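Okay, structure first, notes after.
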Amino acid sequence: MRADIPTSGPMAATGTAWGILTAISLCHMINDVMQSMLAAIYPLLQVEFSLTYAQIGVMTFAFQVTASLLQPLIGMATDKHPQPRSLPFGMAATFCGVLLLAFAHRYEMLLTGAMLIGVGSAVFHPESSRVARLASGGRFGTAQSLFQMGGNFGQSLGPLLAAFIVVPLGRPAVAWFAVAAALGSAMLWHVGGWAEGRRRAATARADTMLRYPRDLVIRSIAVLAVLTFTKNIYTASMSSYFTFFTIEKFGLGPQGAQMMLFLFLGGMAAGVILGGIVGDRIGPLRVIWFSILGVLPFTLLLPHVGLVATGVLAVIVGLILASAFPAIVVFAQELVPGRTGTIAGLFFGFSFGMGGIAAAALGVLADAQGIETVFLLCSFLPILGILTIFLPRPGRLIGG
C-alpha cells in the first residue's frame, strides 16, 4: 500500500485574510530588504574596509548561520507555545543591525550587524509563516507565495536602493532604512494581535489532520531539504558574488552590477508568486519538477554568454528557480501537520544557513581560482534536483 500526499488540506473553515497576508508580506519585504542591503553594499564595504572575498563570505556566513542556528529552535518552541507577539521584537533586532552596518568603523562591527539582522530573520520567519498559513483560508500555495513574494521583492529592491541611494550618498545612508524596520515592527504588533485571536481554533484544526508513516516523512523531508539546500547555494552565490562576476567579466560599475543583480532577484520575486498560484491548481510536486528540469539548461549557459544575454538569463533562472520554493514549503507542511514553525525554521533557516556556509567556501574558492570558476561550479548544482524522484506522488490519502 502506497502512502501519498493529498493535494489539499482541511484548513478552509475561514476565508482568506487578505489584509493580514498583505501585511505579513510587506513586513517580509522590509525584513529581506535589510538582508539584501547587506549583500548589495559588499562592493562598498570591500573598498572601504579592504576586504577579501573570503571576508565577504564570512559576513554572509555570520548572517546566514545566526539565522540558521536559531530558526529551527524558535520554530520548534513556537509550535508548542506560539508567540505571535514576538514578531515586532525580531524586527527590532533587524533595526539595530541596520544601524550598526551604517556606522561601523571596524570589520567586527560589520559582523555583529550582520548577525543581528540574522537574529531578526530567525525570529520573523517561523512565526510569520504560521500566520500566513492561518490567514490562507485553505489556499496554502497562494498564501505561501504571497508571503514569500514579499521577501523576494525585498531582496530585489535592496540592490536598487543600494545603487541609487547608498552608493551616491555613502554608507551612512543605510541608517535611513532603519525607519522602515521601525514601521514594520509597529505593523507586526497588529498582526500578532490578530494571530493571537486565531491561535486556539487553528490548533484544534491541526490536531485533526492526517498523519503519515514516519519513514515516508523522514525520507521526503530529507529530499526537500537537499533540494532547498542546492537552490540556496546557487541563490547565495548569486546574491553574494554576481555583482563581482559582472564587474570582472563585463567591466560594469557598481550601479550597473547592482542592476544585474536586481534582474535576478526580480525574476525570483515573479517566480515565487507564480509557483504558489500554479501549485494550488496542479499540485506542488509538479511545480517542483518543472523548477528542477527547467532551470538547468539556463544555469549551464549563464557563465558563457555576453552581457545582454546574461541579464536575460538572470531573469529566467531567478523565475524558474524560485517557483519551487512555495511548493516545497507547502509540500513539507502537508507532511508534518501542526509543525509550521519547525518547517519554516528548517527551510527558511537551516537550509539558508547551509547556503551561507557554502557562500563562505565559495569566497575562498573565488580568491584562489577566480570568480568565474565559482559560477561554472554552481551552474551544475540543479542536477541534484533529480532527487525529486524519491518524493511521493500527490493524489491519494493514506490507505487510499
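Glycine residues also receive a Cβ, built from the backbone N, Cα and C atoms like all the rest.
Record features, source TrEMBL:
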DOMAIN    20-397  domain 'Major facilitator superfamily (MFS) profile'
TRANSMEM  12-31  transmembrane segment
TRANSMEM  51-74  transmembrane segment
TRANSMEM  86-103  transmembrane segment
TRANSMEM  173-195  transmembrane segment
TRANSMEM  216-237  transmembrane segment
TRANSMEM  257-278  transmembrane segment
TRANSMEM  285-302  transmembrane segment
TRANSMEM  308-331  transmembrane segment
TRANSMEM  343-365  transmembrane segment
TRANSMEM  371-391  transmembrane segment
Surrounding residues of the transmembrane segment (371-391) on its own chain - C-beta under 8 Å, 6+ positions past either end: 53, 219-220, 223-224, 226-227, 230-231, 233-234, 237, 241, 244-245, 248-249, 285, 288-289, 291-293, 295-296, 299-300, 302-303, 321, 331, 362, 365
Closest-packing stretch to the transmembrane segment (173-195), where packing means Cβ pairs under 8 Å, from 86-103, 257-278, 285-302, 308-331: 86-103
Stretch-averaged pLDDT - the domain 'Major facilitator superfamily (MFS) profile' (20-397): 84
